[in-house]
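Report on one structure; see the data block that follows.
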Protein chains: 2
Amino acid sequence: MDGEISKLTIEEKSSCQILTPQTTVKLLDSVDVFLFDCDGVIWKGDVLIDGVSETLDTLRAMGKKLVFVTNNSTKSRKQYAKKFRSLGISVSEDEIFSSSFAAAMYLKVNEFPKEKKVYVIGEEGILEELELAGFTGLGGPEDGKKTVQLKANYLFEHDENVGAVIVGLDQYINFYKLQYGTLCIRENPGCLFIATNRDAVGHLTDLQEWPGAGCMVAAICGTTQKEPIVVGKPSTFLMDFLLQKFNVPTSRMCMVGDRLDTDILFGQNAGCRTLLVISGVTKVSDLVDPSNHILPEYLTNTLSDVVRLLHD
Amino acid sequence: MDGEISKLTIEEKSSCQILTPQTTVKLLDSVDVFLFDCDGVIWKGDVLIDGVSETLDTLRAMGKKLVFVTNNSTKSRKQYAKKFRSLGISVSEDEIFSSSFAAAMYLKVNEFPKEKKVYVIGEEGILEELELAGFTGLGGPEDGKKTVQLKANYLFEHDENVGAVIVGLDQYINFYKLQYGTLCIRENPGCLFIATNRDAVGHLTDLQEWPGAGCMVAAICGTTQKEPIVVGKPSTFLMDFLLQKFNVPTSRMCMVGDRLDTDILFGQNAGCRTLLVISGVTKVSDLVDPSNHILPEYLTNTLSDVVRLLHD
């Protein structure tokens, strides 16, 4: 075991199992479905992490189901599949679970009436997934340039047939959209308020973090004084959906991620196995920090260890 | 006692004192400073409420100090004085306590260094008050048209000399401002996060409500995961400030307002007398609704009753 991980104390090592040839066999034997967080596990920004492609091929050859989970709602599954291809990995749309897809699936699973409309504070990905699922979306990028006029006798009108407002990351957020979404939630009887996720910030560029969907979602909570239904991580909606799809108990799924408070906690809450890779944001020093109380079941440097160790 | 108020049950009447010639004398004898909420008490939108002008003149003639309190941060005290004049009331800037002024006073009282800068997510009123108090404001309306480019190697830069971010109602809210404010609060050591107020919505036009400062403040809470210092109602910063200014105990102040959960609760929390007028958003039916647990000390139809009843 190389690098940072070797610095763990015996006590820390005993609380989570570091991948060795033996524990890797144990992990692979106990898991039918691998759930992967993308950024920090599969890629970093626009660069593929070493050995990922071969690892995914080997896992597939072993009959494992693979699911790629991302809270970023700006892209649809189709757009994500394109990103995978551009990095040289072949992933089918069916294997991708983005929070944009999750939002559309939430409506489908809950039999949202097709004649109702959905207002979107968010980007193209959500609108695409809504359309694919047969729903009518309004708003999104198109409303990014609209303005309001705060003058006497001006009435801001909204569509009374909107039965759900979906809020995700929106770099074109404005007062028009905030008012539109607020009016739908406050005035349309039974209107749902769905959040793709509540991440505070995200690495939208390689050099820094930017406001995440948690920013836009909080803004709508602030005006409506209502709490949203969250469909991305760490909500367990994904698990309920996968249970139906694969008919595999969560105890035979493994969540692989680079964040303790989202990925690992999410996996633990759902009753999955968990594997932390330190190729992303979490460092070993974060893991052993006294303030951290989230320990993964398994720990390794990078995803490719899962296959490399089998041949050691 | 006319209209709606006469429908109160004996029990409800006994919990709050309805203004009569007798209780009016008692109220006036016990109060040196009247604090008025504006919208719903003094005016409705751009229309003065009947009898307000004469009532204010009479109260002044009786030696009462008057303070006009508004959570709306889009205007400065100077701009509010202009609005009062346009409605035919002479009010000096000194008598106005807007949340824009409160934000500047908070910095002054807390000896915010003059060489530091203040980033504003909000409108002209805040920038004007900052300038009058001798502080350097950035942002505000000027940043309303700025955009960001989410591409590789792009670094969004912010001024490291920003020592406070003030967030108020901002109809030109955008991703640029959200990122700027977030970076200052997250990355500039000790940077203050000040909210003018957290009102969910407000009557920005006469026909409907719009997202209030609570929307923009929540958005910044969402990205920074920090809670703001609130300087407008229901924070007691105003009271501390008035105590210093007038040297009058809060028990000899009376908060006059039309909202139970902001004005009346605010007055009660600060130890003031409270008078609810039903010329604004609260109806008698709201007051007696089983879900309401906030009862004012005094109750009347409209502000002019305070003087009219003296002559009855």
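Positions of Cβ are set from backbone N, Cα and C atoms, glycine also.
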Can you pick which of A:D206, A:D240, A:D258 TrEMBL lists for the same Mg(2+) site as A:D37, A:D39? A:D258
Around A:K233 (substrate binding site), how many other CB atoms lie within 10 A of its CB? 29
Expressed to the nearest Å, what is the distance separating A:K233 (substrate binding site) and A:D39 (active site, proton donor) at their Cα atoms? 14
A:D37, A:D39, A:D258 excluded, remaining Cβ within 8 Å of their centroid (Mg(2+)): A:C38, A:G40, A:V41, A:I42, A:G257, A:R259, A:D263, A:G280, A:V281
In chain order, residues whose C-beta lies under 8 angstroms from the C-beta of A:D37 (active site, nucleophile), counting only those at least six residues away in the same chain, are A:V69, A:T70, A:K233, A:M255, A:V256, A:G257, A:D258, A:R259, A:T262, A:D263, A:G280
In DSSP terms, helix, strand or coil for A:D39 (active site, proton donor)? strand
At 10 angstroms around each C-beta, which of the recorded positions A:D39, A:D258 has the fewest other C-beta atoms nearby? A:D39
